[in-house]
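**Q** Before we start, here is the structure in question, set down as structure tokens.
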Amino acid sequence: MDVRRLKVNELREELQRRGLDTRGLKAELAERLLAALEAEEPEDERELEADDDPGLPGHNNEEVETEGGSELEGTAQPPPPGLQPHPEPGGYSGPDGHYVMDNITRQNQFYETPVIKQENESSYDRRPLDMEPQQQVYHPELKTEMKQEAPPSFLPPEASQLKTDRPQFQNRKRPFEENRGRGYFEHREDRRGRSPQPPAEEDEDDFDDTLVAIDTYNCDLHFKVARDRSSGYPLTIEGFAYLWSGARASYGVRRGRVCFEMKINEEISVKHLPSTEPDPHVVRIGWSLDSCSTQLGEEPFSYGYGGTGKKSTNSRFENYGDKFAENDVIGCFADFECGNDVELSFTKNGKWMGIAFRIQKEALGGQALYPHVLVKNCAVEFNFGQRAEPYCSVLPGFTFIQHLPLSERIRGTIGPKSKAECEILMMVGLPAAGKTTWAIKHAASNPSKKYNILGTNAIMDKMRVMGLRRQRNYAGRWDVLIQQATQCLNRLIQIAARKKRNYILDQTNVYGSAQRRKMRPFEGFQRKAIVICPTDEDLKDRTVKRTDEEGKDVPDHAVLEMKANFTLPDVGDFLDEVLFIELQREEADKLVRQYNEEGRKAGPPPEKRFDSRGGGFRGRGGGGGFQRYDNRGPPGGNRGGFQNRGGGGGSGGGGGNYRGGFNRSGGGGYNQNRWGNNNRDNNNSNNRGNYNRAPQQQPPPQQPPPPQPPPQQPPPPPSYSPARNPPGASSYNKNSNIPGSSANTSTPTVSSYTPPQPSYSQPPYNQGGYTQGYTAPPPPPPPPPAYNYGSYGPYNPAPYTPPPPPTAQTYPQPSYNQYQQYAQQWSQYYQNQSQWPPYYGNYDYGGYSGSTQGGTSTQ
């Protein structure tokens, strides 16, 4: 698929199919789609390799996100056997010497080059380029899409018009609204009716649990762990580049003199971050308790040494040691044999930085300290003692944690064995109802379950700078940052459905469709809904308090829409239990019904996905057009589409009561005679007229008209109507007696108006095949002269045909003022029709008194 040749609509369709964001300019959409395609490519490549040689080891499918194309956090795939170390700069040799890493850099190349590199690969090994025959990978789905593309040399007429019109829409900017916070973007995501794909089962790795390694259960969802469990890196695509990502080791210690090493293998390129982002590449290394979060150094009993040359604990940062960056090796030492204290110190490339922390053993309470790392856009590797030689010299008297007897190591919390043991709690409630407060308290009161809170607030906690939350005085666009955090959350939810953990989904979740959509991927979990529904007075007080603390988070119109659509969950196919925390079910039902009524009264009418005013979209089909305006004609008719490529049912001649469109095919179209068979003011068809690109029929040679017998009664004079006439109303019928045209001969049910005498006469003329004639009231005029308009051929009048005998009905004549009023309204109507200036702008509509439509044609 050549993404650069896709149109904007096609790009959006491809992104929507993958669950990606469809907003942005064409260049951004193409960049996003290319990144998704590159992320999908390794999975297809591995599947083909497995089919070619099923005997190769290590072909377990890597976890790949079901939507969005980004790779899910998990363990990485080892390289095929026989791949030798490749000692190029920026890579590293693994502990067994089989492979080196490089494609961490490649996962973000799409931000700096037009050709998108692989965003997230199964592992960050360095593979020689000649061993990656990506051009041989077969993509049947992509090939099908390429067949549907038009050849680059061919552009239909409408395509060029659309291309010229498109930039004016791309340059429009949405007005900035300061009160678009995290709740607003959660609300927008909940309104989207996506159907999630069922998650694939997580691969079960046969890993020796007695080894000290990175714990895949005690790490962030967006931290990717290699299959050897000694290295990892974070996701960095889009908003993930703002996030810290942490991981802890599987074993800790509480006695002895223990150490481990950490090497920064690469600073991953994140050129999509703004230049104002402070410290886009940082690593913090140290120790923490098993009960601490992954945010190293930002809470008690969490001790870290950062690459900015600072140490931190409980979010208190102090200068310490030297700064460190890519390719530096940091040694971490814990000395439990210093009397009543525990001393933590660090080395940089073998140079001792001094004692960083002294902790009282009583404060620890006999709890073990675990190796811990927190990274931001960096790939790291640990040496717990599995390497034959350390990276750098180790302080005398210290032992690598891997070399300690198993009895002296303390295993961290072990995760659930199956999904049936896992639990997901879905919070349900309006903004500021207290969902986040309840979730934090519940997680703290159940530390053994290690709840992962999935919410925008938790995402923002991982975007801290120097331990401080980003506030609205953030240098960039706050609403853009919040929107990126919401997108990160959506991907984390997809990742979470494949991991055996306990979760709390901290969002509003008031839409019934959102509740169902978010719970279905967690099939097999214990799925529970936690409804926070305070009284209306409490909700108002909490909203005011939250606004004072954080600013206005959700616009009022979004809150009203949530109220109008608030649905209390029920136990059913996607929920095993529903718990009400404040108001119970009966009281909550009454309050929710009140909210529904309040929201429906205050909000706009419900949106319609499709317009019911016509068939098809904008007249592209044969059964009618998607109407740009309301129906203003008689019943059964539509105002017409702008672009009709179909036949009679659209804006062409075959459709009844249409305003008339621009028809590019032969099944209808603008007729040569404007006031002909589909007269605009005809009560039966009410079509304004059609234009046909077909060659004009030449009129017959000029013949003298036969003598006209005097009519028994005057024919119906022209009556005038400025707009669409309802059935039975009077109409202005400009009867034409040109051969080949059909004048309106229907008799209105209400008598029309006859202009006062003396009458006027407009001779018929030919203007480039656009013919119109007027027949004056009796007595009949002499044969009209022929006019020649420049290069247009002379008019050859056809034989005059006398009009049919009129009916015996008489028509009262209106006053001159009424006629002038109708003419003025007719002129005003055509002044508003700026969409068809080539056809109507220079047309002479009679030049009669009171008309402002224009004089004679200047063509």
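Note: Cβ is positioned from N, Cα and C throughout, glycine not excepted.
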**Q** According to Swiss-Prot, which residue out of R191, R618, R645 bears the annotation asymmetric dimethylarginine?
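**A** The residue tagged asymmetric dimethylarginine by Swiss-Prot is R645.
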**Q** Can you check which of R46, R182, R628, R659 Swiss-Prot annotates as omega-N-methylarginine?
**A** R659
**Q** Where does Swiss-Prot put asymmetric dimethylarginine, among R546, R609, R639?
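**A** The asymmetric dimethylarginine feature in Swiss-Prot corresponds to R639.
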**Q** Report, as a single number, how many Cβ atoms besides its own are within 10 Å of the Cβ of K450 (SUMO2 cross-link).
**A** 18
**Q** How many neighbouring Cβ atoms, not counting its own, are there within 10 Å of the Cβ of K540 (SUMO2 cross-link)?
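**A** For K540 (SUMO2 cross-link), the count of other Cβ atoms within 10 Å is 12.
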**Q** Across all chains shown, how many C-beta atoms besides its own are within 10 angstroms of the C-beta of K271 (SUMO2 cross-link)?
**A** 13
**Q** Looking only at DSSP and grouping its letters into three states, which state does K450 (SUMO2 cross-link) belong to?
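**A** Reduced to three states, the DSSP call for K450 (SUMO2 cross-link) is coil.
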**Q** If I take every residue in the domain 'SAP' (3-37) and average their pLDDT values, what number comes out?
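**A** 83, rounded to a whole number.
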**Q** Could you give the number of helix, strand and coil residues in the domain 'SAP' (3-37) as assigned by DSSP?
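**A** Its residues fall into 25 helix, 0 strand, 10 coil.
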